[in-house]
Amino acid sequence: MAKGFYISKTLGILGILLGVAAVCTIIALSVVYAQEKNRNAENSATAPTLPGSTSATTATTTPAVDESKPWNQYRLPKTLIPDSYRVILRPYLTPNNQGLYIFQGNSTVRFTCNQTTDVIIIHSKKLNYTLKGNHRVVLRTLDGTPAPNIDKTELVERTEYLVVHLQGSLVEGRQYEMDSQFQGELADDLAGFYRSEYMEGDVKKVVATTQMQAADARKSFPCFDEPAMKAMFNITLIYPNNLIALSNMLPKESKPYPEDPSCTMTEFHSTPKMSTYLLAYIVSEFKNISSVSANGVQIGIWARPSAIDEGQGDYALNVTGPILNFFAQHYNTSYPLPKSDQIALPDFNAGAMENWGLVTYRESSLVFDSQSSSISNKERVVTVIAHELAHQWFGNLVTVAWWNDLWLNEGFASYVEYLGADYAEPTWNLKDLMVLNDVYRVMAVDALASSHPLSSPADEIKTPDQIMELFDSITYSKGASVIRMLSSFLTEDLFKKGLSSYLHTYQYSNTVYLDLWEHLQKAVNQQTAVQPPATVRTIMDRWILQMGFPVITVNTNTGEISQKHFLLDSKSNVTRPSEFNYIWIAPIPFLKSGQEDHYWLDVEKNQSAKFQTSSNEWILLNINVTGYYLVNYDENNWKKLQNQLQTDLSVIPVINRAQIIHDSFNLASAKMIPITLALDNTLFLVKEAEYMPWQAALSSLNYFTLMFDRSEVYGPMKRYLKKQVTPLFFYFQNRTNNWVNRPPTLMEQYNEINAISTACSSGLKECRDLVVELYSQWMKNPNNNTIHPNLRSTVYCNAIAFGGEEEWNFAWEQFRNATLVNEADKLRSALACSKDVWILNRYLSYTLNPDYIRKQDTTSTIISIASNVAGHPLVWDFVRSNWKKLFENYGGGSFSFANLIQGVTRRFSSEFELQQLEQFKADNSATGFGTGTRALEQALEKTRANIDWVKENKDAVFKWFTENSS
């Protein structure tokens, strides 16, 4: 599943400069709302009503839970192994006379008894069963022998089970089949089998679609809903004749539905053995464009008819074939299925989902309009497609046995997405962006004492909430970062060889992460050119089983090199023990006297002449930032690097110019170097035209904005930024012929946006005049938006910030009428840039109205308002006042609460705010925080660190900016 909560490069830059906090650090998904019970009931009553009390899903209640009973344990027992399912589903796309959208289903599951048992335990969630002989299921054997009689069936809500108690025992080795008939709500909760809605003109259209990961296949039909319980699935859908149906496999047969001639019944080919969370089926009025890849795979891009007609699926179609072919070569394994459908959904919780053969996306992650979408939108599409297609092998063909190893699925896909996208767009240098997008973003979280290791013991991850909490930036971005490091020190060829062996060995089955280490080690053992200092497992277990990362410190006078667990707050208490005592085995590529060399640090401290320098030479560690660690030097070497940057910055690689800025600011935050040294590392930016160093600087200085935009420090800080960015602004003004053209490369286009955003936010008059004029021209002629798509987020946000009610209302009207999701996203984010508190308060009230803001976008919109210094107190008051209501009514199991907590607390830097946060925790302890629990602890830790940092650095920072802003 792709990272859910996405902010474009442009919007991310705006966030840095206008106080909009960077909220991409944690994987964030949107608020899941309570089911609507009475909407549109007057329009139609064609769907059946839900059954009465005889088949209600009333849970079995007992005074105390007996944990010894298998149905009270969250993990399935090993007694039964599923072989196959036959599932028939009929979604009703109009509400019944209760006002509910529902679906009806029939399911037959075939399973083998692995251990003798007198109880069948299978997952079921929010399903109403039709009783058959006073029971919810019918059981039989395949060999004709009598099956045990059913004593009773019950639904256990806590563990989400349908439990079948038998009067006798199932026989080990014998196969059985169990039938059930059920109904469920086709709710708009973005989980399981759900509905998505969109407008076509004035007509509301409804889509029936799915999102099974992690534990919601059970909400669609009764199933053994764990990733290791692989089986074959035979899916049949019944739907109106004017619609189309899709599933993981190609249709096998379509025919009129005998009971209703207005409907079609389509049976799909049986799937290979696969996990329940990868199932998908969709009924809609969508259209598609298609092609056949070089390897004979049928490719389809599906979306709303208007989006397809306007060519918004063309780019996705053009890159899908090459990316599929790239991964087939990269894995040395053919694509496992006959077709690859990808579909853009109006309402979708995550960024995308890798359902095998039918990948589902948010519209913004799949559709691209060449006239209205930005280069950032285009990059988003190609990287998310690459991420999801990477999963078709790694995750789908071979699947982790349990969610505690989710990092292997998502971390791997988050790494190779850059390789696949780079293959599709070879001129973009996308692989370099991983340093900014993943390595540096996740370090901000992994440097906290409340972080967690990539891999957890399986018995620590049991409940759906615990599973969902794993979908965070550690899993995705740290996973990607350490796999990138592994591939780098092994070499890509060796890495691919081990990977191919792993996939061939475990195809259609399940693994633990140690299986990958074993196959990579085999590849190492078969050659002699690459010989790490220890086995792959010995090296990598220290990166997988320990939280955090080291700071590598070099003394160029003595040649001493050492490592230490890096903590943003050096006073924080690390309560999680490590069997490795927070010592890592770190590969260290370095540059000295213009020559590259390599070193392994596998102890806490060592000494080598390699790290000693003469009076006129410097050393630079972690070339191209392939290692997942920070680097610190003695003061003398820092000064030499600064002198080099200010005399001839081209001698130092672009990525490492960004690294010098990033690492020094983090070291300063941890009080390992003076804050003024880190600030000195930005002086060379007046001569810098490359994107990565500028972006690293702006990301680092964003923390200063959050800490100081309510204090006197902010004035000289803005003046300094204005001084540094002015040459860059006029450089791009000249390069683009006064903003008429765009620079040729991706990185240049991103830095053009940096230049405009920074210049406007720091008060450069020429920039303000530019954005106000562009926005004014659009307001005069709303049907002719001449603002280039790359610049729209920047122009919209700044014009709204500089303007008032008229500018905001115009943007709101354009947002309401936007037909392209990328344009709507730009406007929705820019609407949070207003400086008028009453406007922001009104906008906040709109966020919980799904007629105004889609539910998938609620969290990101609230966070955008909170990240505006004028809107921050409004949102904090709102969250505190409404937490219980939000948590109980809007889905405690969604990812959004972690992001809400993180987004609202980013500015906290005073004792008063810490007290408020502690009181918030105490006041809501009974309600709980669900998947936001860890985020709350991180917020408390970060707030304490912020308080100390501001106290210690405010005067020095104020003095430095004052002295360097003239």
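Along the chain as shown, residues are numbered 1 onward.
The backbone N, Cα and C atoms fix where each Cβ goes, and this holds for glycine too.
Note: Swiss-Prot links C767 through a disulfide bond to C760 (candidates: C760, C797). Site annotation for Zn(2+) in Swiss-Prot covers H387, H391, and the matching candidate from E379, E410 is E410. Same-chain residues that are not part of G351, A352, M353, E354, N355 yet have a Cβ within 8 Å of the Cβ center of the substrate site turn out to be M1, A2, Q213, A350, V359, T360, Y361, E388, H391. Within 10 Å of its Cβ, the residue among the recorded positions E354, E388 with the fewest other Cβ atoms is E354. N573 (N-linked glycosylation site) is 46 Å away from N114 (N-linked glycosylation site) when you measure Cα to Cα. For N606 (N-linked glycosylation site), the same-chain residues 6+ apart in sequence whose C-beta sits under 8 angstroms from its C-beta are E560, I561, S562.
N784 (N-linked glycosylation site) has N318 as its nearest neighbour among the recorded positions N234, N318, A352, going by CA to CA distance. Among the binding-site residues G351, A352, M353, E354, N355, the residue whose Cα lies closest in space to that of N573 (N-linked glycosylation site) is G351. Here the topological domain 'Cytoplasmic' (1-8) returns a mean pLDDT of 53 for the predicted model.
The two recorded residues, Y476 (site 'Transition state stabilizer') and G351 (substrate binding site), have Cα atoms 13 Å apart.
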